[in-house]
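Structure first, then comments.
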Amino acid sequence: MPYSTVLTLLEAIILICDALAEGQIDEASQTLQLHSETNLTNAFIVKVQWQHVENPYLVVIWILVAGVAKMSVVQLNTRLKSFFPESGLLIICGFILGGIVWGADKAQTFKLTPRNFFYFLLPQIILDTGYFMPNKLFFSNLGAILVHAVIGTVWNAGAVGVSLWGCWLGGAMGDLNIGLLQFLLFGSLLAAVDPVAVIAVFEEVHVNEVLFIWVFGESLLNDGVTVVLYNVFDAFVSLGGEKINAGEIIKGIVSFFVVSFGGSAIGVIFAIIISLLTKYTGKVQIIEAGFIFVLGYLSYLTAEMLSLSAILSVTFCGVCCQKYVNANMDEKSVTAVRYAMKVFANGSETMIFVFLGVTAIDSVIWVWNTGFICLTILFAIIYRFIGVFTLTWFLNQYRLVPIEVIDQLVMSYGGLRGAVAYGLAASLDETRIPEKNLIISTTLIVVYFTVVIQGLTMKPIVKWLKVKRVEPTDLKLIEKVNNRACEHVLAAMEDIVGRIGDNWWTRGWKRFEDTYITWFLMKPEARKNRDYLFSIFHKLNMEDAVNYVTEGEKRGSLGFLRSGEGTNVDFEKKHGMEFSGVMPDITSELDFGIDNVPVTSIRNPVPSVSLDIHEQDMKSMSEDFNAHHLLQQNLYRSRKNHRHKYSRSDFTINQSEDEVQEIFQRTMRNRLESFKSAKMGVTPVKKITKHPKPNHKMSNVKTTDKSYPYGDEDFEFSEADSAYSGDGAAARGSPPVRAPPYSLGGGIENPAFMPEMDTPPPPWLTEAETNTGVAPSQRAQRQLPWSPTNLRRLAPLRLSNRSTDSFVMADVAAAPDSSDESPKEPSEEERDGQRDGTHM
Amino acid sequence: MGSTSSTLSKIPNADELIQETGFTSAHLARLFERFEALDKDKKGYLSPQDFEAIKELALNPICDRIIGAFFSSGQEMLDFSSFVRILAHFRPIDNNRTKEPNSPDPINSRINKLKFAFQLYDQDKDGKISRNELLQVLRAMLEKQVTEEQLESIADRTIQEADLDRDDAISFEEFRKSLEKVNIDHKMSIRFLR
């Protein structure tokens, strides 16, 4: 059947989408065959070939519909002050859509089939969660998560199954053709907390991170248990009660270890493969992002093929590869992966919830049994509470910081069931389980109950119980530095006390990783630059830079930076408006990690429409170049960012005529004053009284903060230093000290960017009385926007795999020019002789 | 437990120590055993060399700072009670212990934990972390992955973040303020075996 092959291929290409009924492929291909046999006589100009495209067409339409549903839900939700959980609203959307379809067809045409769910919708969600897993948090809580995931799930399955069985014996459900094993099977498919539902609900609630990782980790890792329990009981049911002996039970227990550890191992293996592949994609960066998805999916399928836990496999694949992949890949690819991952995951999540709703509109599956359904919900909740509280009590005995009762309540309440349970229920075999439809409808009701009702009440409960939430905090370097120090201290204390604890394991792993794993899995260039603290530092600088540009463009154009001095300041608002729209998104994008890509899309001379796939590569080159330019123009000065003035939420563009006037006047005043001072060589002394930061780190001058003897000479330039010292002298070209009015957290001072200190601060940052101290012409003369000299300044700070050597060379060559024109004036700083020229 | 009480009897002023540090007697007994194990020559006190002999500790990038914290008062001898007092900084904060209004802060209070961290940086004990002091710690912790130049930028930025009075150094007050949001109890506590 060639058509069906083609269709299946198409289906595979559109991984996220296939949410259609399974049987339709066959139907479609049959009709297609008929079709091709009959129409051979006439030539057509235009012909509607619906059958040709039916399947993919419907898939895409459904994606579109789900997308629109999500959009409207989000829209509605903002109006409802996000009172309703999105997932619940999507399910309700699904009800409506299903109702429409049912109204048209008088039958259920579309539903969520287990195959589509498990093969096309679930993998990318799990890959996404694994890939974005906060690794440190996850591994430090792994023990507790495993206890909950394994023991908790087994307990839930057993207790629910047995209790229902008991009630059935007691006659609470009337006449049902069902037995203990079937009840246990039902219990096991219902036991697992569902990752999709948990993510969807908890993402909106923002509980504290430990609580989150417990629930979330449990929902991921209990898959191994669920799969095993489900398979074992499924096998038991088909074996029949009397043939089960100790041997079978032991087999079941062994298979648990095989399934979960095997699944995880497959994931780790694929993670290694991904990391190795991305290590060697230096020349074809355009495809490296694809590897993550292809291999991630492959790990899922492989585990499924070996009947191991596929969810565990793809989770661990994501968890293990993220670090190395992010280090190996080009930053653009990292961003691409990040984004695509979110697109896929969000898409399938939406599809899943919508289709959970659509599925319900069906007259066939609904078998109502009040006793069964109510008791199931009741037991599921009760045993969840009991399990969580008991296990947490045990865990608290060994925890440094015990989990509080409130957190335990939320954790129990967050035991949401979702599409995984439904998928398992739907794939039951009707011949062996006569009450399959009752099980499906009960599962659906439990899912609706947990996702909609519990999801809806989650937020109020969290608020009401005053559960510790994540406080949105600004990233602070000092916190990170201190955390690092604390880690070392704790490890040391454990050594001193003579106890092998968490810190011991963490450190041991780190050492092992540093010596072997990074060597094996990382590009050599990437290995150098991956210190965590440094990357934080880099990220902060990037944020400052972006803020700076945003602010600049909000207030006017940054064009004057390039074109010299205030004379041709052009307040071109058009640009400013455009970019300030773009920038906020970029800033938030930065929160995900270290990347300096975002700024690139701006001022891109390459046309955005292009048919050549490889042009993307070329474009990227020039984008890089632009980014460099843009950043080096602006980055070095971010220390003068008055951050307190920048409100990220405040995007009011207050560029009234007055302001433009004011900026203009300020600039003029500055220029006049600097002109005056340059002429007379005097400084208003008041500006020197406080000099909080040495202005010229480029020569690695260490200053003490006590005194600044003004007469100290600054002539001893070493050979290697000359370029920088030249710049430095230029910066101090005229005696007036530019005491930068800087404030707490007001940006950075970075030697790598300092050589450009001779550029005047932008007018809006200059306090009215501050002296710029630089004759305008200097800046204009020296400005070679595209010279390697400029580029080089960014080079050491970029976490890039590119060599900076050529830039350095060019820099040296360019040195004499700059030093020639800069008058060597006395410096007001004292140096302590620690300059070492390492920056070369 | 018999062994615990027999060990306890060897510890001078054990009761006061329990009172002061909040360790249980089992903790104390265990720490005493460890103390004796570290004290190789059975001299009754620990010297810096005893600490340096701990293999794992010697690999710690800031091990000299940490050892220095034990010998902060300048002498070369550390008796058991000082040993315990310093380790008590790392006991997790206990919430359920009712605090008497007049009693001083327990050793493991947040502020004391912070003080301990602070003095690791503040080598010259002038109550301020200067740029140089911070740089030294950073240099040790970041090892060779970062160039000196970058190191200095990091140090500068770090100071800048915390430095409220713009004296280019971090005082303890500034240190405390800038770490206000950090859960120090998590970061500066270990579990002691009973």
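Heads up, the Cβ atoms here are built off N, Cα and C, so glycines get one too.
Those TrEMBL annotations? Automatic predictions, nothing curated.
Taking TrEMBL as the reference, the stretch among A:291-311, A:438-458 described by the feature transmembrane segment is residues A:438-458. Where the transmembrane segment (A:88-104) meets the stretches A:116-133, A:178-202, A:211-233, A:438-458, the count of C-beta pairs under 8 angstroms peaks at A:438-458. Against the transmembrane segment (A:350-368), stretch A:438-458 shows more Cβ pairs under 8 Å than any other of A:116-133, A:145-166, A:211-233, A:438-458. Counting Cβ pairs under 8 Å to the transmembrane segment (A:145-166), the top-ranked stretch among A:57-76, A:116-133, A:211-233, A:253-277, A:438-458 is A:211-233.
Beyond the ends of the transmembrane segment (A:116-133), by six or more residues, the same chain brings 11, 15-20, 22, 195-196, 199, 216, 220, 267, 292-293, 296-297, 300-301, 304, 310-311, 314-319, 321-322, 337, 341-342, 344-345, 347-349, 351-352, 419-420, 422-423 to within a C-beta distance below 8 angstroms of the stretch.
Same-chain neighbours of the transmembrane segment (A:438-458): 83-85, 87-88, 91-92, 176, 186, 189-190, 194, 197, 200-202, 205, 353, 356, 359-360, 365-369, 372-373, 376-377, 380, 410, 413-419, 421-422, 425-426, 428, counting only residues six or more beyond its ends whose CB sits under 8 Å from a CB of the stretch.
Counting residues 6+ beyond its ends, the transmembrane segment (A:253-277) has Cβ neighbours under 8 Å at 130, 224-225, 227-228, 231-232, 288, 291-292, 295-296, 298-299, 302-303, 306-321, 324-325, 328, 520-522 in the same chain.
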